[in-house]
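*Asks:* Let me begin by handing over the structure; questions about it come next.
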């Protein structure tokens, strides 16, 4: 596709009134989120001088979101997703304002910081499934891959703009300003949510046991001819190759004997590659998303092997940049597959399970690969993870025809029909 055609696809998605407004509000909010994450980590360090406590504060944000996320998916299938987001975003604004006030008064100690971060983690767990499941209702189906790619560009851009702005704010104005800026960014997203209108009404299911409905989402993925094996493959990638991002500090220090400059170079390369990958994917829809995902994951494994073998830091930076693009290609295509294959009645639960796997996998994988790296060296650990994943990838590749055929079957709108989608003859 030509560059003009690619920009046309992005423009077509952003010209959808509700999606364009959503992206603008979401971009501001995500910058604020990353700004506050940086401030929280820095405050935890200032209060304790302990890397362990910095990690504990990060865990206080992550763990509740992972535990609550699946139940947030059930809620997103029962209630209007936009309303869920308005409520959670309002409460997140309140917690950010409380953090700003306490920091300004000098009363935001470690216990209060842990408590407020935990509350925000719970609210994020309730918000995120609705946030993911809302996007397909803001654009026509043929623009969904572009919309998902645009969201990826926004996320990765905010991931690097936010910390940079945080550094300027903390140095120039003071740490409390970071919390206030995040609160104001939530208000921008709330304003956007008040304006957006889905293109179609959301079907909602009422009643039933929460655990039963959660199991229903798990069963749908497990029994789906395409989603079952793809979900397992994505889980393997999250555990075995995606943790590279979490292990960049160790890679910079242990493998290349570098300092913060080496880490900055590797981190920036990963982010730049992710943004470029998102821009390429946003050029337009592709007919075979499963094939794109599988090929991108193969490139991920190959690039992790290249990174493990990189003799010098510049070679590692080049490999990490390409890895960022490949990871984005795999992630965007995977999310598009999940969004399109899940019936509207199950979309919240499916996306909540995808979100838990997406966030928890790299954290657990970093723990395992990091421990292996301490024993055998990080190069060996990364290579072992990539080779193990490549073996799993081969099993999925052998089923690519059945997977592609199953994904061509439109999802049923009825819960009783969603257990075993089968490809047409």
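Glycine is no exception: its Cβ is also placed from the backbone N, Cα and C atoms.
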*Asks:* According to TrEMBL, which stretch among 292-310, 406-424 corresponds to the feature transmembrane segment?
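*Replies:* Going through 292-310, 406-424 one by one, TrEMBL gives transmembrane segment for 292-310.
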*Asks:* For which of the residue intervals 203-223, 350-370 does TrEMBL record transmembrane segment?
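*Replies:* Checking TrEMBL against the ranges 203-223, 350-370, the transmembrane segment one is 350-370.
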*Asks:* TrEMBL lists transmembrane segment for one of the ranges 51-72, 73-94, 95-116; which is that range?
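*Replies:* Range annotated as transmembrane segment by TrEMBL: 51-72.
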*Asks:* Does the structure show the transmembrane segment (316-338) and the transmembrane segment (256-280) touching, where I'm treating 3 or more Cβ pairs under 8 angstroms (sequence separation 6 or more) as a contact?
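*Replies:* The answer is yes, given that the two segments have at least 3 Cβ pairs within the 8 Å cut-off.
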*Asks:* Going along the chain, which residues at least six beyond the ends of the transmembrane segment (376-397) come within the CB cut-off of under 8 Å?
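*Replies:* Long-range Cβ neighbours of the transmembrane segment (376-397): 229-230, 232-233, 236-237, 239-241, 243-244, 247, 250-251, 254-255, 294, 297-298, 300-302, 304-305, 307-309, 365, 369-370, 403.
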*Asks:* At a Cβ cut-off of 8 Å, and with pairs 6 or more apart in sequence only, do we get at least 3 pairs between the transmembrane segment (292-310) and the transmembrane segment (164-196), yes or no?
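*Replies:* Answer no, regions not in contact.
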*Asks:* Same-chain Cβ contacts of the transmembrane segment (256-280) under 8 Å, 6 or more residues past its ends?
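*Replies:* Non-local partners: 6, 149-150, 152-153, 156-157, 159-160, 245, 248-249, 312-313, 316-318, 320-329, 332.
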